[in-house]
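What TrEMBL lists as domain 'CS' is 1-73. The transmembrane segment annotation in TrEMBL covers 129-149, 169-189, 196-214, 220-240, 260-283, 303-322.
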Amino acid sequence: MERLTFGWPCSAQVHNNPHFFIAQGHGAKGDNVYEFHLEFLDLVKPEPVYKLTQRQVNITVQKKLSQWWERLTKQEKRPLFLAPDFDRWLDESDAEMELRAKEEERLNKLRLESQGSLETLISLRKGYLFMYNLVQFLGFSWIFVNLTVRFFILGKESFYDTFHTVADIMYFCQMLAVVETINAAIGVIKSPVIPCLIQLLGRNFILFIIFGTMEEMQNKAVVFFVFYLWSSIEIFRYPFYMLCCIDMDWKVLTWLRYTVWIPIYPLGCLAEAVAVIQSIPIFNETGRFSFTLPYPVKIKVRFSFFLQIYLIMLFLGLYINFRHLYKQRRRRYGQKKKKTH
């Protein structure tokens, strides 16, 4: 046992040391000095704790070392005045059960606390994803609406200044799309990393390298079609993910999210390919990003060579992402198995 507790039938102030206990008070025989002496089996802490009640004085003496004693006192024979309080008695098995109960209670408490922490983390994750998808939705919606309105007002003339009109917002949205790939990589979202990375690198290559570094490309009509097709997909994808964060399912939006990509995604890749093909003679003429291999080879490597390789990779990426999106749609709207009777 860890603590030894004694009950003394009097009401008085206690003066004691670890072995000798004395109290002066009024008992059955009037005012008297009550005392007793115990030689404990092993060392105890020198500062016992006592508590006065109407009936008794409870004195608690704590062992110096946490271990089981064979008996209470050094003398083998128990003192006549000493009797165990069986209401408080604990043998080794009882103590183990009590410790086990306390440990179970502690584990249950930790489990509840961890569940509370997990719920908090889930709420924070949902809030973070909701805000991210909201910002992306607003950005791509602004691009889509701006291009649509300008086309209806200016017609084909709106094609040629598309880059200067919406490029800043497109830069922002595509840089923010890096977060989406990071979320997939660290497990914040369940999307596979490869399709996210392919789309991120492909779009950013077109935006920052083909359009961003070549002013000659910024005034071409193909910019309008690339930006318009990109935003046409995202204005359905991001609000769908927003509703998922708050456990809502709008069937019309869900259908659009899993269907609209079928014609738009290949058209978007086709528009990107046209942009790359149109940029090849410009890169050849300007020599930008071209370089010459060191001596003794001294061969000039044109950037257009890498653009031709990129065209092959573009359609390979189209196949990978198209297959991924098709699997997603099939899981969502796959044919239900007929019941067999």
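Including glycine, each Cβ sits where the backbone N, Cα and C put it.
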Quiz item: How about the transmembrane segment (129-149) and the transmembrane segment (260-283): do they have 3 or more C-beta pairs under 8 A, pairs 6 or more apart in sequence?
Solution: no
Practice problem: Can you tell me which of 196-214, 220-240, 260-283 gets the most C-beta pairs within less than 8 Å of the transmembrane segment (303-322)? | Solution: 260-283
Practice problem: Could you pull the average pLDDT for the domain 'CS' (1-73)? | Solution: 67
Practice problem: Grab the same-chain neighbours of the transmembrane segment (260-283) for me: Cβ-Cβ under 8 Å, and only residues 6 or more beyond its ends, written as numbers and ranges. | Solution: 202, 206, 210-211, 214, 216-217, 220, 222-223, 225-226, 229-230, 232-233, 236, 289-290, 302-304, 307-308, 310-311, 314-315, 317-318, 321-322, 325
